[in-house]
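One structure is given below, encoded as structure tokens.
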Amino acid sequence: MGAHAIVTDANISSSLENNTTGITAFSMPGWQLALWATAYLVLVLVAVTGNATVIWIILAHQRMRTVTNYFIVNLALADLCMAAFNAAFNFVYASHNIWYFGRAFCHFQNLFPITAMFVSIYSMTAIAADRYVAIVHPFQPRLSAPGTRAVIAGIWLLALALAFPQCFYSTITMDQGATKCVVVWPEDNGSKMLLLYHLVVIALIYVLPLLVMLLAYSVIGLTLWRREVPRHQVHGASLRHLRAKKKFVKTMVLVVVTFAICWLPYHFYFILGSFQEDIYYHKFIQQVYLALFWLAMSSTMYNPIIYCCLNHRFRSGFRLAFRCCPWVTPTEEDKIELTHTPSLSARINRCHTKETFFMAGETALSPATNGQARGPQDGLPDEP
């Protein structure tokens, strides 16, 4: 995360300073800086626009307000904030090796990246747990609306608690006329505390939740692919329901795998640096770090693209959101897809199914349901 980058870059930067004030061993040619700036600008624009659109699609349409989709909103909000408040500012710091943004933002920058990443991955974990209950144990009670809000609030509180130590020990220092945002651990065991903190953070916001999701989606996959549709229903709603659930599993597995791939090199970078600090003294490490940081931050922009490509309701939502663009032409079906309420006959035909489905397949939470999620959304389409 960006906060880790600040710790490392700031703590080692003074040893890389040249004798000339304002010039560091990390200085790069203007054309190279322009290329990196363009890459990061594209990342931030795509991530902020895409995740803001996902949030709008869900919150602006009653049919999309489901347990799973509220966790999707939480994930999108964390990714949006990560791109807006971490990617851009940390790029400026890493490329110039000077902190321009003041003491208060130094504390924030050492608090928020860990918080946002924790919220992102545990929102994915909550989705996996919710789908596990819905598919593997379909007759067990689902999360209520208050329960969903409580889980989301709990995720944010735990995330802030995990990030607090780094925020607490962050400070502003001056090094040969250059301002640095650094994390100063207690002097007695500073290096040991830094290593321990890195390992704990990586375990809690990467290894543990990925293992939980691997187990959950493995069980979900086995359950779905072993399930058979009765012969007399091979062309009916049951087959569509099964296909929708399988497509959901593929979608969320793609989201999780993308996240894991984007962040793995970045975490490995800091684990290696904790044991071999001399790697930070090489001039090329700035380019390595900028590449790894871009890859990690790029995880914030892929989810909206995945939703749009694999989920037809989100495709409809994106068409409506960008209808002002000359190359985007939303249809009446796109509007119906997000607002249509099926007929009573369709409800009766589907009321026997207890399970709920990703994005399109759940009943939207409302006061009328007394806060308890019910069965499947009426009018479940062929895909989730």
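Cβ coordinates are placed from backbone N, Cα and C, and glycine is handled just like the others.
What Swiss-Prot records for CYS106-CYS181 is disulfide bond, and it gives sequence analysis as the kind of evidence. In the three-state DSSP assignment, the secondary structure recorded for CYS106 (disulfide bond) is helix.
Annotation comment: Swiss-Prot describes ASN11 (among others) as N-linked glycosylation site, evidence class sequence analysis.
Taken from Swiss-Prot, the feature N-linked glycosylation site applies to ASN18 (among others).
What Swiss-Prot records for ASN19 (among others) is N-linked glycosylation site, and it gives sequence analysis as the kind of evidence.
Among the features that Swiss-Prot reports, S-palmitoyl cysteine is placed at CYS324. Cβ neighbour count for CYS324 (S-palmitoyl cysteine): 6 (other Cβ atoms within 10 Å of its Cβ, all protein chains included). Look at CYS324 (S-palmitoyl cysteine): DSSP puts it in coil.
According to Swiss-Prot, the topological domain 'Extracellular' annotation covers 1-32 (among others), on the basis of sequence analysis.
The topological domain 'Cytoplasmic' annotation in Swiss-Prot covers 57-69 (among others).
As annotated by Swiss-Prot, topological domain 'Extracellular' applies to 91-107 (among others).
Taken from Swiss-Prot, the feature topological domain 'Cytoplasmic' applies to 130-149 (among others).
Mean pLDDT for the topological domain 'Extracellular' (171-196) in this predicted model: 81. What Swiss-Prot records for 171-196 (among others) is topological domain 'Extracellular'.
The topological domain 'Cytoplasmic' annotation in Swiss-Prot covers 219-251 (among others).
As annotated by Swiss-Prot, topological domain 'Extracellular' applies to 273-290 (among others).
Taken from Swiss-Prot, the feature topological domain 'Cytoplasmic' covers 311-384 (among others).
Residues annotated as transmembrane segment in Swiss-Prot, with sequence analysis given as evidence: 33-56 (among others).
As annotated by Swiss-Prot, transmembrane segment applies to 70-90 (among others).
Within the same chain, residues 1-4, 6-7, 68, 71-72, 74-75, 77-79, 81-82, 85-86, 89-90, 101, 151-152, 155-156, 158-160, 162-164, 166-167, 170, 181, 183, 201, 204-206, 209-210, 212-213, 216-217, 220, 252, 255-256, 259, 263, 299 sit at least 6 positions outside the transmembrane segment (108-129) and bring their C-beta atoms closer than 8 Å to a C-beta of that stretch. Annotation source Swiss-Prot lists transmembrane segment at 108-129 (among others).
Counting same-chain residues at least six beyond the ends of the transmembrane segment (70-90), those with a Cβ under 8 angstroms from any Cβ of the stretch are 1-3, 5-6, 40, 43-44, 47-48, 51-52, 54-55, 58-59, 101, 105, 108-109, 112-113, 116-117, 119-120, 123-124, 126-127, 130, 148-149, 152, 155, 293, 297, 299-301, 303-304, 307, 359, 365. The two recorded residues, CYS324 (S-palmitoyl cysteine) and CYS181 (disulfide bond), have Cα atoms 42 Å apart. Highest Cβ count within 10 Å among the disulfide-bonded residues CYS106, CYS181: CYS181. Residues in the topological domain 'Cytoplasmic' (57-69) partition by DSSP class (helix H, G, I; strand E, B; coil) as 9 helix, 0 strand, 4 coil.
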